[in-house]
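Student: Once you've had a glance at the structure underneath, I'll fire off some questions.
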Amino acid sequence: MLSIDEAFRKFKSRLELNEREQKNASQRQNEVRDYLQTKFGIARSFLTGSYARYTKTKPLKDIDIFFVLKDSEKHYHGKAASVVLDDFHSALVEKYGSAAVRKQARSINVDFGVHIDAEDNTDYRVVSVDAVPAFDTGDQYEIPDTASGKWIKTDPEIHKDKATAAHQAYANEWKGLVRMVKYWNNNPKHGDLKPVKPSFLIEVMALECLYGGWGGSFDREIQSFFATLADRVHDEWPDPAGLGPAISNDMDAARKQRAQQLLFQASQDASIAIDHARRGRNIEALRAWRALFGPKFPLS
């Protein structure tokens with residue numbers, strides 16, 4: 001029988017990117033880039049966001065791809081943010097169809113129609129990508145933001161560096177804990193609305209909420225993490241790079257209240273699972289953790 005620690009380590013491993021998934025992500029990046037280059041002047045593209053920071057969870061959805069535009073596309077920079085997104089949307093609809101392409105606040109999402117089975121497996125394939133138009137301004141990037149109607153500054157390298165530093169300061173367990181909570185956040189049991197939006201907000205909060213160093217126990221770390229997230233989800237969480245709008249701006253008061261309730265319930269459910277293990281009920285503890293997280297949490 002799996003010990004609780006063994007189960008968590010197996011769970012962590014299941015949420016990590018493997019070689020086949022990375023290969024498919026690269027193929028999808030090249031596919032979308034090669035097509036968009038027939039429609040726009042693309043200087044280069046690169047995989048970014050949580051995928052590049054190794055904090056992306058499973059199933060592999062909404063992988064960010066920056067498409068850095070050439071100077072020939074500078075006319076977009078002086079227009080409302082929605083203009084370039086509308087044009088990206090129209091171009092991608094031509095290739096993938098309107099049912100597979102949707103506009104988002106700062107990107108265009110392309111769904112590849114990949115089936116997700118009952119165990120959250122996708123045959124190592126990427127479910128969807130987010131195509132993000134961007135301009136390189138020298139020391140940072142600017143991307144369109146429809147909420148403000150403007151181009152906003154961002155620096156994915158700063159985000160990546162902060163995640164790396166946090167991971168190292170937490171005995172190299174920080175990213176695993178973040179992926180676990182993101183996996184919980186993606187659970188279909190929450191309905192159409194994820195508790196925390198964007199999922200990057202979980203990562204931003206973790207920069208402060210996971211503090212004091214790794215305590216050596218996944219179950220207690222996760223319980224404490226959920227509890228602290230619940231306590232602080234109403235706070236304003238600025239961009240860690242100090243450039244763009246607050247990461248927490250996507251959530252209004254009602255959504256934050258719902259998130260707080262669900263995060264608190266998760267911390268309570270974690271406490272129940274811990275109590276099962278403390279009383280020697282290992283099978284019940286594993287089942288409780290699986291009920292909390294979803295099918296990627298192992299029972300054996």
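Keep in mind that glycine also has a Cβ here, set from the backbone N, Cα and C atoms.
Features from Swiss-Prot:
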BINDING   Ser50, Arg53, Lys56, Thr154, Asp155, Pro156, Glu157, Ile158, His159, Lys182, Ser199, Pro245  ATP binding site
BINDING   Asp62, Asp64, Asp130  Mg(2+) binding site
Student: Between the Cα atoms of Lys56 (ATP binding site) and Asp62 (Mg(2+) binding site), what distance do you get, rounded to the nearest Å?
Tutor: 9
Student: Three states by DSSP: which one describes Asp62 (Mg(2+) binding site)?
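Tutor: DSSP call for Asp62 (Mg(2+) binding site): coil, neither helix nor strand.
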Student: Other than its own, how many Cβ atoms are within 10 Å of the Cβ belonging to Ser199 (ATP binding site)?
Tutor: 22
Student: Determine which residues of the same chain, besides Asp62, Asp64, Asp130, have their CB within 8 A of the center of the CB atoms at the recorded Mg(2+) site, and list them by sequence.
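Tutor: Going along the sequence, the neighbours appear as Gly49, Lys61, Ile63, Ile65, Ser107, Asn109, Ser128, Val129, Ala131, Val132.
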Student: Report, as a single number, how many Cβ atoms besides its own are within 10 Å of the Cβ of Ser50 (ATP binding site).
Tutor: 24
Student: Of all the binding-site residues given, Asp62, Asp130, Asp155, Glu157, which residue's CB has the most CB neighbours within 10 A?
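Tutor: When each Cβ's neighbours within 10 Å are tallied, Asp62 tops the list.
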Student: Sequence gap of 6 or more, Cβ distance under 8 Å: name the residues on the same chain that satisfy this around Asp64 (Mg(2+) binding site), in order along the sequence.
Tutor: Leu47, Thr48, Gly49, Ser50, Tyr51, Ala52, Ser107, Val129, Asp130, Val132
